[in-house]
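K.L.:
My questions will all concern the structure given below.
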Amino acid sequence: MSVTSTASSSRELRAGGGLSGTVRVPGDKSISHRALLFGAIAEGITTIEGLLPAEDPMSTAACLRAMGATISPIHAGQIVRVEGVGLDGLQEPQDVLDCGNSGTTIRLMLGLLAASKGRHFVLSGDSSLRRRPMNRVGQPLTMMGAKIKGRSNGDFAPLAVSGQKLRGGVIGTPVASAQVKSALLLAALTADGATTVIEPAHSRDHSERMLRAFGADLEVGGEMGRHIRVSPGQKLYGQNIVVPGDISSAAFWLVAGVLVPGAELVVENVGLNPTRTGILEVLQQMEARIEVLNRHEVAGEPVGDLRVRQGPLKPFSINGDIIPRLVDEVPILAVAACFCDGESKITDASELRVKETDRLAVMTRQLTAMGADIDEHADGLTIRGGRTLRGTELDSETDHRVAMSLAVAALLAEGNSRLTGSEAAAVSYPNFWDDLERLHR
(Lines of atoms letter the chains of each structure in order from A and count residues from 1; the text may use other names and numbers.)
(Lines give C-alpha, C1' and ligand atoms only; values in the text may rest on other atoms or scores of the structure.)
Protein backbone atom coordinates (compact mmCIF):
# COMPACT_ATOMS: atom_id res chain seq x y z
CA MET A 1 0.00 0.00 0.00
CA SER A 2 1.53 3.32 -1.07
CA VAL A 3 -0.69 5.85 0.66
CA THR A 4 -1.85 5.93 4.26
CA SER A 5 -4.27 8.52 5.63
CA THR A 6 -3.78 9.12 9.32
CA ALA A 7 -6.09 12.11 9.69
CA SER A 8 -8.58 14.06 7.63
CA SER A 9 -5.86 16.40 6.39
CA SER A 10 -2.60 14.46 6.80
CA ARG A 11 -1.47 11.57 4.60
CA GLU A 12 1.68 9.47 4.58
CA LEU A 13 3.28 9.10 1.15
CA ARG A 14 5.58 6.13 0.81
CA ALA A 15 8.57 6.43 -1.48
CA GLY A 16 9.88 3.80 -3.86
CA GLY A 17 8.12 0.99 -5.67
CA GLY A 18 6.90 0.74 -9.23
CA LEU A 19 3.97 2.20 -11.14
CA SER A 20 1.97 0.24 -13.70
CA GLY A 21 -1.53 -0.31 -15.01
CA THR A 22 -4.37 1.52 -16.69
CA VAL A 23 -6.14 4.57 -15.33
CA ARG A 24 -9.09 6.66 -16.52
CA VAL A 25 -8.95 10.20 -15.18
CA PRO A 26 -12.13 12.10 -14.30
CA GLY A 27 -14.03 14.26 -16.76
CA ASP A 28 -12.49 17.52 -17.92
CA LYS A 29 -13.18 20.25 -15.37
CA SER A 30 -13.35 23.09 -17.89
CA ILE A 31 -15.80 21.24 -20.13
CA SER A 32 -17.89 20.12 -17.13
CA HIS A 33 -18.43 23.71 -15.96
CA ARG A 34 -19.42 24.85 -19.43
CA ALA A 35 -21.78 21.96 -20.09
CA LEU A 36 -23.70 22.84 -16.91
CA LEU A 37 -23.77 26.58 -17.62
CA PHE A 38 -24.71 26.35 -21.29
CA GLY A 39 -27.29 23.67 -20.59
CA ALA A 40 -28.92 25.89 -17.97
CA ILE A 41 -29.36 28.82 -20.38
CA ALA A 42 -30.43 26.65 -23.32
CA GLU A 43 -33.98 25.67 -24.18
CA GLY A 44 -34.88 22.05 -23.58
CA ILE A 45 -32.89 19.24 -22.00
CA THR A 46 -29.12 18.80 -21.92
CA THR A 47 -27.61 15.48 -20.89
CA ILE A 48 -24.00 15.28 -19.73
CA GLU A 49 -22.10 11.99 -19.67
CA GLY A 50 -18.78 11.87 -17.83
CA LEU A 51 -19.25 15.13 -15.92
CA LEU A 52 -16.57 15.64 -13.26
CA PRO A 53 -18.23 14.89 -9.88
CA ALA A 54 -15.87 17.18 -7.96
CA GLU A 55 -16.22 20.26 -5.79
CA ASP A 56 -15.76 22.94 -8.46
CA PRO A 57 -18.46 21.75 -10.90
CA MET A 58 -20.70 21.10 -7.88
CA SER A 59 -20.36 24.81 -7.05
CA THR A 60 -21.47 25.75 -10.57
CA ALA A 61 -24.45 23.40 -10.35
CA ALA A 62 -25.47 24.75 -6.93
CA CYS A 63 -25.41 28.35 -8.19
CA LEU A 64 -27.51 27.46 -11.22
CA ARG A 65 -30.04 25.58 -9.10
CA ALA A 66 -30.32 28.62 -6.83
CA MET A 67 -31.38 30.64 -9.89
CA GLY A 68 -34.07 28.25 -11.07
CA ALA A 69 -32.31 25.69 -13.28
CA THR A 70 -33.16 22.05 -12.63
CA ILE A 71 -30.06 19.83 -12.50
CA SER A 72 -30.18 16.18 -11.50
CA PRO A 73 -27.90 14.92 -8.68
CA ILE A 74 -24.24 14.63 -9.69
CA HIS A 75 -22.69 11.24 -8.96
CA ALA A 76 -19.73 9.43 -10.50
CA GLY A 77 -20.74 7.32 -13.47
CA GLN A 78 -24.23 8.79 -13.79
CA ILE A 79 -25.56 10.95 -16.61
CA VAL A 80 -26.51 14.45 -15.45
CA ARG A 81 -29.71 16.02 -16.78
CA VAL A 82 -30.11 19.80 -17.04
CA GLU A 83 -33.46 21.45 -17.75
CA GLY A 84 -32.66 24.78 -19.36
CA VAL A 85 -34.47 28.03 -18.60
CA GLY A 86 -33.43 29.91 -21.74
CA LEU A 87 -30.97 32.74 -22.34
CA ASP A 88 -32.77 35.21 -20.08
CA GLY A 89 -34.49 32.79 -17.72
CA LEU A 90 -32.25 32.76 -14.65
CA GLN A 91 -33.97 34.27 -11.61
CA GLU A 92 -32.70 36.30 -8.67
CA PRO A 93 -31.53 33.92 -5.95
CA GLN A 94 -32.75 34.26 -2.38
CA ASP A 95 -29.21 34.29 -0.99
CA VAL A 96 -25.58 34.89 -1.88
CA LEU A 97 -24.32 32.62 -4.68
CA ASP A 98 -21.54 30.55 -3.13
CA CYS A 99 -18.90 29.72 -5.74
CA GLY A 100 -16.79 27.73 -3.27
CA ASN A 101 -13.17 27.51 -4.42
CA SER A 102 -14.01 27.80 -8.11
CA GLY A 103 -12.58 30.68 -10.13
CA THR A 104 -14.30 29.34 -13.24
CA THR A 105 -17.68 29.46 -11.52
CA ILE A 106 -17.45 33.03 -10.28
CA ARG A 107 -15.85 34.48 -13.43
CA LEU A 108 -18.21 32.85 -15.92
CA MET A 109 -21.17 33.73 -13.70
CA LEU A 110 -20.08 37.38 -13.77
CA GLY A 111 -20.46 37.47 -17.55
CA LEU A 112 -23.77 35.65 -17.52
CA LEU A 113 -25.37 37.61 -14.68
CA ALA A 114 -24.10 41.04 -15.70
CA ALA A 115 -26.36 40.64 -18.75
CA SER A 116 -29.46 39.60 -16.71
CA LYS A 117 -31.29 42.92 -16.95
CA GLY A 118 -33.30 44.00 -13.90
CA ARG A 119 -31.98 41.30 -11.56
CA HIS A 120 -29.47 41.56 -8.74
CA PHE A 121 -26.93 38.99 -7.57
CA VAL A 122 -24.15 38.67 -4.99
CA LEU A 123 -21.28 36.26 -5.71
CA SER A 124 -18.78 35.05 -3.14
CA GLY A 125 -16.72 32.00 -2.23
CA ASP A 126 -14.20 30.56 0.18
CA SER A 127 -11.25 32.49 1.62
CA SER A 128 -8.98 31.48 -1.27
CA LEU A 129 -11.44 32.60 -3.94
CA ARG A 130 -12.02 35.90 -2.16
CA ARG A 131 -8.30 36.66 -2.63
CA ARG A 132 -8.30 36.06 -6.39
CA PRO A 133 -8.48 39.05 -8.79
CA MET A 134 -11.79 39.69 -10.55
CA ASN A 135 -11.18 43.02 -12.32
CA ARG A 136 -9.70 41.10 -15.23
CA VAL A 137 -13.33 40.08 -15.89
CA GLY A 138 -15.12 43.06 -14.36
CA GLN A 139 -13.27 45.78 -16.29
CA PRO A 140 -13.97 44.48 -19.82
CA LEU A 141 -17.57 43.76 -18.78
CA THR A 142 -17.85 47.36 -17.57
CA MET A 143 -16.88 48.45 -21.09
CA MET A 144 -20.03 46.64 -22.23
CA GLY A 145 -22.14 48.49 -19.63
CA ALA A 146 -21.98 46.05 -16.71
CA LYS A 147 -22.44 47.25 -13.13
CA ILE A 148 -20.30 45.23 -10.71
CA LYS A 149 -19.22 46.34 -7.25
CA GLY A 150 -16.91 44.71 -4.75
CA ARG A 151 -13.91 45.12 -2.49
CA SER A 152 -10.92 47.09 -3.84
CA ASN A 153 -13.01 48.69 -6.59
CA GLY A 154 -14.50 45.39 -7.65
CA ASP A 155 -11.32 43.32 -7.70
CA PHE A 156 -12.27 40.94 -4.89
CA ALA A 157 -15.41 39.05 -3.91
CA PRO A 158 -17.99 39.38 -2.53
CA LEU A 159 -19.22 41.00 -5.74
CA ALA A 160 -22.62 42.64 -6.25
CA VAL A 161 -23.95 42.46 -9.81
CA SER A 162 -26.79 44.63 -11.06
CA GLY A 163 -27.95 43.08 -14.33
CA GLN A 164 -28.08 45.39 -17.37
CA LYS A 165 -28.78 45.33 -21.08
CA LEU A 166 -25.19 45.24 -22.29
CA ARG A 167 -23.84 46.66 -25.54
CA GLY A 168 -21.61 44.89 -28.01
CA GLY A 169 -18.33 46.16 -29.36
CA VAL A 170 -14.68 45.19 -29.71
CA ILE A 171 -13.31 44.10 -26.35
CA GLY A 172 -9.70 43.17 -25.63
CA THR A 173 -8.98 40.86 -22.71
CA PRO A 174 -6.21 42.00 -20.32
CA VAL A 175 -4.78 38.46 -20.06
CA ALA A 176 -4.93 35.29 -22.14
CA SER A 177 -7.49 33.55 -19.96
CA ALA A 178 -10.27 31.20 -21.03
CA GLN A 179 -12.25 32.29 -17.96
CA VAL A 180 -12.15 35.97 -18.96
CA LYS A 181 -12.90 35.19 -22.60
CA SER A 182 -15.79 32.89 -21.70
CA ALA A 183 -17.36 35.48 -19.39
CA LEU A 184 -17.37 37.99 -22.25
CA LEU A 185 -18.80 35.46 -24.71
CA LEU A 186 -21.65 34.71 -22.30
CA ALA A 187 -22.35 38.42 -21.87
CA ALA A 188 -22.31 38.84 -25.66
CA LEU A 189 -25.12 36.32 -26.22
CA THR A 190 -27.78 38.89 -25.26
CA ALA A 191 -25.92 42.15 -25.89
CA ASP A 192 -27.16 44.98 -28.10
CA GLY A 193 -25.10 44.37 -31.23
CA ALA A 194 -22.26 42.02 -32.10
CA THR A 195 -19.26 41.58 -29.83
CA THR A 196 -15.70 40.74 -30.88
CA VAL A 197 -13.40 39.46 -28.13
CA ILE A 198 -9.66 39.75 -28.82
CA GLU A 199 -7.12 37.81 -26.73
CA PRO A 200 -3.40 38.64 -26.38
CA ALA A 201 -2.67 34.92 -26.90
CA HIS A 202 -4.83 31.92 -27.71
CA SER A 203 -6.36 30.27 -24.61
CA ARG A 204 -8.33 27.02 -24.36
CA ASP A 205 -11.31 27.09 -26.72
CA HIS A 206 -13.88 24.80 -25.10
CA SER A 207 -16.41 27.65 -24.86
CA GLU A 208 -16.21 28.45 -28.56
CA ARG A 209 -16.63 24.81 -29.57
CA MET A 210 -19.51 24.17 -27.20
CA LEU A 211 -21.41 27.41 -27.75
CA ARG A 212 -21.46 26.71 -31.49
CA ALA A 213 -22.76 23.20 -30.78
CA PHE A 214 -25.57 24.72 -28.68
CA GLY A 215 -26.52 27.03 -31.56
CA ALA A 216 -24.75 30.33 -30.88
CA ASP A 217 -23.81 32.52 -33.85
CA LEU A 218 -20.07 32.54 -33.17
CA GLU A 219 -17.14 32.97 -35.54
CA VAL A 220 -13.44 32.47 -34.80
CA GLY A 221 -10.76 34.30 -36.79
CA GLY A 222 -7.60 36.34 -36.55
CA GLU A 223 -4.12 35.03 -35.85
CA MET A 224 -4.32 31.64 -34.09
CA GLY A 225 -8.05 32.12 -33.47
CA ARG A 226 -7.58 35.05 -31.10
CA HIS A 227 -10.60 37.00 -32.45
CA ILE A 228 -14.02 35.62 -31.50
CA ARG A 229 -17.18 37.34 -32.78
CA VAL A 230 -20.61 36.67 -31.29
CA SER A 231 -23.79 37.94 -32.95
CA PRO A 232 -26.73 37.96 -30.50
CA GLY A 233 -30.26 36.80 -31.16
CA GLN A 234 -29.79 33.06 -31.53
CA LYS A 235 -31.38 30.78 -28.95
CA LEU A 236 -29.36 27.94 -27.47
CA TYR A 237 -30.81 24.43 -27.56
CA GLY A 238 -30.10 21.50 -25.26
CA GLN A 239 -27.46 19.00 -26.36
CA ASN A 240 -26.12 15.58 -25.45
CA ILE A 241 -22.60 16.20 -24.14
CA VAL A 242 -19.88 13.61 -23.55
CA VAL A 243 -17.03 14.94 -21.38
CA PRO A 244 -13.56 13.51 -22.12
CA GLY A 245 -10.94 12.88 -19.44
CA ASP A 246 -9.09 15.94 -18.15
CA ILE A 247 -5.56 16.27 -19.55
CA SER A 248 -4.66 18.41 -16.52
CA SER A 249 -5.43 15.41 -14.30
CA ALA A 250 -3.70 13.03 -16.71
CA ALA A 251 -0.53 15.15 -16.43
CA PHE A 252 0.28 13.76 -12.98
CA TRP A 253 0.32 10.19 -14.34
CA LEU A 254 2.29 11.21 -17.43
CA VAL A 255 5.07 12.75 -15.36
CA ALA A 256 5.00 9.94 -12.79
CA GLY A 257 5.13 7.40 -15.62
CA VAL A 258 8.27 8.87 -17.18
CA LEU A 259 10.04 9.27 -13.82
CA VAL A 260 9.30 6.17 -11.71
CA PRO A 261 11.83 3.39 -12.49
CA GLY A 262 10.28 0.67 -14.66
CA ALA A 263 6.92 2.43 -14.90
CA GLU A 264 4.44 1.75 -17.68
CA LEU A 265 0.98 3.34 -17.66
CA VAL A 266 -1.93 3.81 -20.04
CA VAL A 267 -4.14 6.83 -19.35
CA GLU A 268 -7.44 6.29 -21.17
CA ASN A 269 -9.93 8.66 -22.80
CA VAL A 270 -7.94 11.89 -22.43
CA GLY A 271 -9.12 15.09 -24.11
CA LEU A 272 -6.53 16.23 -26.66
CA ASN A 273 -7.88 19.66 -27.56
CA PRO A 274 -4.93 21.51 -29.21
CA THR A 275 -5.36 24.45 -26.82
CA ARG A 276 -4.66 22.08 -23.91
CA THR A 277 -1.84 19.85 -25.17
CA GLY A 278 1.09 22.09 -24.26
CA ILE A 279 2.03 19.51 -21.61
CA LEU A 280 2.52 16.87 -24.31
CA GLU A 281 4.68 19.22 -26.37
CA VAL A 282 6.94 19.95 -23.40
CA LEU A 283 7.25 16.27 -22.51
CA GLN A 284 8.19 15.56 -26.13
CA GLN A 285 10.81 18.34 -25.86
CA MET A 286 12.10 16.46 -22.82
CA GLU A 287 12.20 13.24 -24.93
CA ALA A 288 9.63 11.49 -22.76
CA ARG A 289 8.39 8.12 -24.00
CA ILE A 290 4.72 8.90 -24.65
CA GLU A 291 2.48 7.50 -27.40
CA VAL A 292 -1.03 8.58 -28.39
CA LEU A 293 -3.29 5.60 -29.11
CA ASN A 294 -6.89 5.23 -30.26
CA ARG A 295 -7.37 8.78 -31.53
CA HIS A 296 -11.01 9.69 -32.07
CA GLU A 297 -13.46 12.55 -31.58
CA VAL A 298 -16.22 12.86 -28.97
CA ALA A 299 -18.76 15.69 -29.10
CA GLY A 300 -16.41 17.88 -31.13
CA GLU A 301 -13.37 17.30 -28.90
CA PRO A 302 -10.35 15.18 -29.94
CA VAL A 303 -9.69 12.28 -27.56
CA GLY A 304 -7.11 9.51 -27.23
CA ASP A 305 -5.31 7.12 -24.89
CA LEU A 306 -1.79 7.97 -23.71
CA ARG A 307 0.81 5.27 -23.10
CA VAL A 308 3.82 6.37 -21.07
CA ARG A 309 7.02 4.53 -20.12
CA GLN A 310 9.87 5.48 -17.83
CA GLY A 311 13.00 6.92 -19.40
CA PRO A 312 15.60 9.69 -19.02
CA LEU A 313 14.41 13.28 -19.43
CA LYS A 314 16.15 16.36 -20.80
CA PRO A 315 15.69 19.80 -19.21
CA PHE A 316 13.22 22.18 -20.84
CA SER A 317 12.49 25.87 -21.32
CA ILE A 318 8.95 27.23 -21.71
CA ASN A 319 7.62 30.75 -22.17
CA GLY A 320 5.28 32.87 -24.27
CA ASP A 321 2.20 31.55 -26.02
CA ILE A 322 2.55 27.98 -24.76
CA ILE A 323 1.98 29.05 -21.14
CA PRO A 324 -1.84 29.50 -21.45
CA ARG A 325 -1.95 26.00 -23.00
CA LEU A 326 -0.37 24.36 -19.94
CA VAL A 327 -0.91 26.87 -17.15
CA ASP A 328 -2.42 24.24 -14.82
CA GLU A 329 0.41 21.80 -15.51
CA VAL A 330 3.28 24.05 -14.39
CA PRO A 331 3.37 22.59 -10.84
CA ILE A 332 3.85 19.02 -12.10
CA LEU A 333 6.37 20.22 -14.70
CA ALA A 334 8.32 21.80 -11.84
CA VAL A 335 8.48 18.34 -10.27
CA ALA A 336 9.66 16.82 -13.56
CA ALA A 337 12.41 19.44 -13.82
CA CYS A 338 13.84 18.31 -10.47
CA PHE A 339 14.70 14.96 -12.05
CA CYS A 340 16.32 16.25 -15.27
CA ASP A 341 20.10 16.60 -15.41
CA GLY A 342 20.53 20.28 -16.16
CA GLU A 343 18.68 23.57 -15.85
CA SER A 344 15.01 24.04 -16.75
CA LYS A 345 13.34 27.45 -17.03
CA ILE A 346 9.71 28.53 -16.79
CA THR A 347 8.98 32.19 -17.65
CA ASP A 348 5.95 34.34 -18.57
CA ALA A 349 3.98 32.40 -15.96
CA SER A 350 3.00 35.16 -13.51
CA GLU A 351 -0.62 34.02 -13.91
CA LEU A 352 0.24 31.20 -11.48
CA ARG A 353 0.50 33.74 -8.68
CA VAL A 354 -3.28 34.33 -8.78
CA LYS A 355 -4.49 30.73 -8.93
CA GLU A 356 -5.93 28.92 -5.88
CA THR A 357 -2.59 29.74 -4.29
CA ASP A 358 0.54 31.52 -5.49
CA ARG A 359 1.69 28.33 -7.18
CA LEU A 360 5.16 29.61 -8.02
CA ALA A 361 5.84 30.41 -4.37
CA VAL A 362 4.17 27.28 -3.00
CA MET A 363 5.99 24.86 -5.31
CA THR A 364 9.29 26.61 -4.56
CA ARG A 365 8.69 26.29 -0.81
CA GLN A 366 7.63 22.66 -0.89
CA LEU A 367 10.20 21.33 -3.36
CA THR A 368 13.00 23.28 -1.66
CA ALA A 369 12.00 21.59 1.60
CA MET A 370 12.66 18.28 -0.17
CA GLY A 371 16.11 19.46 -1.27
CA ALA A 372 15.42 20.80 -4.77
CA ASP A 373 17.56 23.62 -6.22
CA ILE A 374 15.04 26.27 -7.35
CA ASP A 375 15.18 30.01 -7.96
CA GLU A 376 11.82 31.79 -7.91
CA HIS A 377 11.34 34.77 -10.23
CA ALA A 378 8.50 37.25 -10.66
CA ASP A 379 7.12 35.30 -13.61
CA GLY A 380 8.54 31.82 -13.24
CA LEU A 381 11.12 29.39 -11.93
CA THR A 382 14.64 28.22 -12.68
CA ILE A 383 15.16 24.62 -11.57
CA ARG A 384 18.51 22.84 -11.56
CA GLY A 385 17.73 19.15 -11.61
CA GLY A 386 19.67 16.11 -10.56
CA ARG A 387 19.63 16.54 -6.79
CA THR A 388 18.23 13.78 -4.62
CA LEU A 389 14.91 14.77 -3.06
CA ARG A 390 14.30 13.78 0.57
CA GLY A 391 11.02 12.73 2.11
CA THR A 392 9.79 15.37 4.53
CA GLU A 393 6.75 17.21 5.90
CA LEU A 394 4.83 18.70 2.98
CA ASP A 395 1.77 20.95 2.70
CA SER A 396 -0.57 21.42 -0.26
CA GLU A 397 -1.49 24.83 1.16
CA THR A 398 -5.09 23.93 0.14
CA ASP A 399 -4.25 23.70 -3.59
CA HIS A 400 -5.41 20.58 -5.45
CA ARG A 401 -2.73 20.69 -8.16
CA VAL A 402 0.00 21.25 -5.58
CA ALA A 403 -1.24 18.24 -3.57
CA MET A 404 -1.06 15.88 -6.55
CA SER A 405 2.25 17.28 -7.79
CA LEU A 406 3.83 16.70 -4.38
CA ALA A 407 2.46 13.16 -4.37
CA VAL A 408 4.47 12.45 -7.52
CA ALA A 409 7.60 14.07 -6.05
CA ALA A 410 7.21 11.96 -2.90
CA LEU A 411 7.20 8.73 -4.94
CA LEU A 412 10.73 9.52 -6.09
CA ALA A 413 12.17 10.83 -2.82
CA GLU A 414 14.52 9.08 -0.42
CA GLY A 415 12.33 8.29 2.56
CA ASN A 416 8.64 8.75 3.17
CA SER A 417 6.82 12.08 3.28
CA ARG A 418 3.74 13.32 5.09
CA LEU A 419 1.36 15.60 3.21
CA THR A 420 -0.94 18.02 5.01
CA GLY A 421 -3.98 19.13 3.03
CA SER A 422 -4.19 16.04 0.85
CA GLU A 423 -7.98 16.37 0.68
CA ALA A 424 -7.51 19.35 -1.66
CA ALA A 425 -7.15 16.87 -4.54
CA ALA A 426 -10.93 16.37 -4.44
CA VAL A 427 -11.42 19.78 -6.06
CA SER A 428 -10.58 18.26 -9.46
CA TYR A 429 -9.78 14.55 -8.92
CA PRO A 430 -11.86 12.94 -6.14
CA ASN A 431 -10.36 9.44 -6.63
CA PHE A 432 -6.73 10.45 -7.03
CA TRP A 433 -5.49 8.77 -3.86
CA ASP A 434 -7.40 5.56 -4.66
CA ASP A 435 -5.90 5.48 -8.16
CA LEU A 436 -2.41 6.09 -6.79
CA GLU A 437 -2.77 3.23 -4.33
CA ARG A 438 -3.97 0.89 -7.09
CA LEU A 439 -1.20 1.77 -9.56
CA HIS A 440 1.71 1.92 -7.09
CA ARG A 441 3.28 -1.54 -6.85
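The backbone N, Cα and C atoms fix where each Cβ goes, glycine too.
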K.L.:
Between the candidate ranges 1-21, 85-105, where does Swiss-Prot place the region 'Disordered' annotation?
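P.N.:
Here Swiss-Prot associates region 'Disordered' with the stretch 1-21.
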K.L.:
With Lys29, Ser30, Arg34, Ser177, Gln179, Asp328 listed by Swiss-Prot as 3-phosphoshikimate-binding, which of these, Lys165, Lys314, Lys345, Lys355, is given for the same site?
P.N.:
Lys355
K.L.:
For a quick check of understanding: among the binding-site residues Lys29, Arg34, Lys355, Arg401, which residue's Cβ has the most other Cβ atoms within 10 Å?
P.N.:
Arg401
K.L.:
Which residues does Gln179 (phosphoenolpyruvate binding site) neighbour through Cβ under 8 Å, counting only same-chain ones at least six apart?
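P.N.:
For Gln179 (phosphoenolpyruvate binding site), the qualifying residues are Gly103, Thr104, Arg107, Leu108, Val137.
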K.L.:
Want to know which recorded positions, from Ser30, Arg34, Ser177, Asp328, are within 10 Å of Arg401 (phosphoenolpyruvate binding site) at Cα; which are they?
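P.N.:
Checking Cα-Cα distances against Arg401 (phosphoenolpyruvate binding site), the recorded positions within 10 Å turn out to be Asp328.
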K.L.:
Arg359 (phosphoenolpyruvate binding site) has how many other Cβ neighbours within 10 Å of its own Cβ?
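P.N.:
If we count other Cβ atoms within 10 Å of Arg359 (phosphoenolpyruvate binding site), we arrive at 25.
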K.L.:
Relative to the Cα of Asp328 (active site, proton acceptor), which of the binding-site residues Ser30, Arg34, Arg132, Ser177 have a Cα no more than 10 Å away?
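P.N.:
Within 10 Å Cα-Cα: none.
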